[in-house]
Amino acid sequence: MSVFPQSTVLGYPRIGPRRELKRALESYWDGRSGRAELERTGAELRARTWRRLAELGLEGLPSNTFSLYDQVLDTAVMLGAVPERYRAAEDPYFAMARGTEGLAPLRMTKWFDTNYHYIVPEIGPRTVFKLDAGKPLGEVREARALGFETRPVVVGPVTFLLLGSALDRLEEVLGCYAELLAALAAEGVAWVQLDEPALVADRTPEELAAVRDAYERLGALSERPGLFVASYFGDLGEALPVLAATPVEALGVDLVRGGVPEIDLTGKTVVAGVVSGRDVWRTPPERALAALGAIRASRVTVSTSCSLLHVPYDVEAESGLDPALKERLAFAEQKAAEVVALARGDVRGVPVSLPSEAAPAPVAAEGRGPYAVRAAAQGDRLRLPPLPITTIGSFPQTGELRAARAAAAAGTLPQQDYERRVEAEIERVIRLQERLGLDVLVHGEPERNDMVQYFAEHLDGFAVTANGWVQSYGSRCTRPPLLYGDVSRPAPITVRWARYAQSLTDKPVKGMLTGPVTIVAWSFVRDDLPLRDVVFQVADAVREEVRDLEAAGVPIVQVDEPALRELLPLRRAAQGGYLEWAVAAYRRATSGAGDRTQIHTHLCYSDADEILAAIDALDADVTTIESARSGARILGAVDAFERGLGPGVYDIHSPRVPSAEEVEDLLRRTLRVLPAERVWINPDCGLKTRTYEQVEASLANVVAATRRLRAEL
Ligand code: GLN
Ligand code: ZN
């Protein structure tokens with residue numbers, strides 16, 4: 001067995017430094033270019049990554065970390081898990097990823113505790129596993145033609161099957177992996193990386209037995225490359241001794257999120273993830289060196305804690321950042337260079353960020369008055385009809401508006417002109433809602449590019465990047481803000497727009513804010529303070545904004561927390577502690593409001609039974625939640641809710657306009673489980689991604705259905 005390279009990364013961004021893949025994909029999907037052009041862009045991006053990593057001095061180059069859409073989907077295709085209904089599609093791969101005219105796409109969900117979304121494998125009784133090793137072999141050959149030997153990266157069998165809820169199919173799938181290993185060995189591949197991040201969450205004894213069986217069996221094969229099983233996003237826990245007892249030659253451990261393995265790993269190579277793939281900060285060398293030195297193994301090599309997929313490409317592409325901040329940053333390129341420097345023992349010149357001495361966050365339970373008192377005061381003030389109709393906040397963002405914002409940012413459109421455009425858009429949205437007959441109006445959020453970035457741009461302690469794109473799913477990227485210092489609010493942020501919107505109408509208008517957990521979850525966050533303390537700083541800024549909205553006469557304030565579940569720790573033992581401070585932060589942000597001010601919150605999912613109690617503990621007067629998209633499953637679990645609740649009646653993820661009958665049916669089902677006086681009527685989520693035409697028709701049907709039911713009350 002050849003020795004494992006001294007330095008490596010577990011994976012690399014693939015969207016392209018200038019989002020070249022995004023453009024190529026969208027052009028292919030729109031029929032503006034052909035398959036060959038898309039393939040060419042992919043090949044260029046792969047070549048560029050291998051060249052760059054080799055130039056930086058990295059010894060172990062990964063391959064097959066590129067994907068046209070998603071690496072889990074690639075694995076499903078490699079194993080033949082393509083559901084029958086997609087096989088006849090013109091392009092089955094993208095049909096599974098995105099759907100076609102007549103076919104819904106496969107389900108998509110978040111990759112562990114990241115903001116990356118993968119395609120959930122659909123494995124059923126009719127799935128016949130059959131290996132197609134074309135992609136991993138193709139990339140090995142492609143790299144070799146450029147002069148690079150690579151280590152193919154594949155999602156491991158246990159994680160793949162757990163993601164597809166089909167661990168009972170292990171035998172069959174292992175047959176495919178055995179064939180894959182033989183094919184790679186025949187190709188002269190020295191090492192293969194099998195990613196098993198599912199092993200850092202709690203696993204049952206049966207699941208651990210599956211891990212043992214899988215790697216005993218693959219390890220026993222005579223025709224195979226060296227086996228490198230990579231774990232990331234936390235500690236292996238009980239899976240560590242299980243893996244250590246198998247013939248696997250190399251184990252990858254995340255030493256940023258997790259600790260140094262406590263057991264002796266003599267006989268193994270430990271691929272030590274000391275450079276974080278989840279943040280954008282330079283690695284303090286002494287921390288990395290201490291971790292490396294504490295591992296007991298036959299060989300220790302240096303790596304990233306996980307794939308660099310979750311960070312942007314290159315700090316050098318940022319010209320607008322404060323040099324003092326830029327100094328502290330490392331994106332994918334810089335992180336790969338850090339791995340090389342650590343492996344060579346050449347770590348001089350890496351500045352160390354010193355932990356700052358911030359005051360500990362307040363932990364006292366924050367609370368408002370009793371709900372019954374608040375409900376009565378709000379009822380008197382708002383005088384809403386039964387089954388009040390509202391929306392989640394955003395209205396369609398038109399191309400003109402985006403162009404105007406870009407022009408204002410570039411300085412080619414005077415700020416005043418831009419603000420007048422925003423006001424015109426607010427007026428249009430208010431008039432539309434009045435015409436449709438909605439009860440609680442919104443201003444439509446036309447001034448916001450994004451619900452987190454907008455606040456980051458207006459709070460101290462944040463910076464935003466020009467090119468710091470990170471893939472969210474498929475061709476979609478986000479540019480997470482950098483939360484690098486103490487957070488504070490220099491001036492009111494949303495008050496002028498809320499006040500303007502309220503001045504246009506006699507109906508109540510909701511002020512619209514993003515909650516502290518979500519602002520932090522969708523940013524890159526400083527690592528010199530506990531996350532909880534950072535969230536509390538943001539909560540204090542939001543609290544000031546809530547108070548200012550209230551003082552401006554805004555009767556309802558919505559504080560969105562769509563990311564509450566995303567930060568939930570992967571291990572159950574840590575979840576209770578997290579939920580406790582997350583809820584406390586939300587209450588801190590909202591509890592400054594008086595009884596007469598109605599607090600709304602919004603969450604974008606409903607399969608949240610595990611955290612339903614926490615959502616309830618947020619103590620919002622009204623909670624709006626996704627429901628229509630998931631077939632109203634939430635209705636089985638909402639009887640515990642004692643305050644206002646709006647299970648969505650319109651799936652905004654689809655361009656489809658729901659009929660009034662469909663909406664009415666959903667409403668009747670809701671009224672069977674919730675008393676009418678607590679039910680709110682709303683879409684599943686914001687309307688930003690829809691067109692005005694779709695929104696107008698859909699909301700008209702929502703209003704018609706609601707009116708029919710009101711007449712029966
Ligand atoms: N208020 C936001 C909107 O309507 C909420 C978005 C979200 O939940 N992700 O766009
Ligand atoms: Zn939402």
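Any Cβ shown, glycine's included, is placed from N, Cα and C.
TrEMBL: automatically predicted annotations, no manual curation.
Among the features that TrEMBL reports, domain 'Cobalamin-independent methionine synthase MetE N-terminal' is placed at 7-297. If you take every residue in the domain 'Cobalamin-independent methionine synthase MetE N-terminal' (7-297) and average the pLDDT, you get 97.
Per TrEMBL, the feature domain 'Cobalamin-independent methionine synthase MetE C-terminal/archaeal' maps to 387-707.
Among the features that TrEMBL reports, L-homocysteine binding site is placed at Ile392, Gly393, Ser394, Asp560. Within the same chain, residues at least six positions away from Gly393 (L-homocysteine binding site) with a Cβ under 8 Å of its Cβ are Val442, Gly444, Glu445, Lys510, Met512, Gln558, Asp560, His602, Gly686.
TrEMBL lists Ile392, Gly393, Ser394, Glu445, Asp560 with the feature L-methionine binding site. When Cβ atoms from all protein chains are considered, those within 10 Å of Asp560 (L-homocysteine binding site) total 25, not counting its own.
Within 10 Å of the C-beta atom of Cys685 (Zn(2+) binding site) sit 27 other C-beta atoms, taking all shown protein chains into account. Under the heading Zn(2+) binding site, TrEMBL lists His602, Cys604, Glu626, Cys685.
In the structure as shown, the Cβ atom of His653 (active site, proton donor) sits within 10 Å of 13 other Cβ atoms. Under the heading active site, proton donor, TrEMBL lists His653.
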For Cys604 (Zn(2+) binding site), the number of other Cβ atoms found within 10 Å of its own Cβ: 23
Those binding-site residues in Glu445, Cys604, Cys685 whose CB falls under 6 A of ligand 2, listed in sequence order: Cys604, Cys685
Cβ packing number for His602 (Zn(2+) binding site), 10 Å threshold: 27
Residues among the recorded positions Gly393, Cys604, Glu626, His653 that border ligand 1 - Cβ under 6 angstroms, in sequence order: Gly393, Cys604
Among the L-methionine-binding set Ile392, Gly393, Ser394, Glu445, Asp560, as the record gives it, the longest Cα-Cα distance in Å: 13
Those binding-site residues of Ile392, Ser394, Cys604 having Cα within 10 angstroms of His653 (active site, proton donor): none
Nearest of the binding-site residues (Cys604, Glu626, Cys685) to Ser394 (L-homocysteine binding site) - Cα to Cα: Cys685
Separation of alpha carbons, Ile392 (L-homocysteine binding site) and Cys604 (Zn(2+) binding site) (Å): 10
Cβ neighbours of Ser394 (L-homocysteine binding site) where a neighbour is any other Cβ within 10 Å: 22
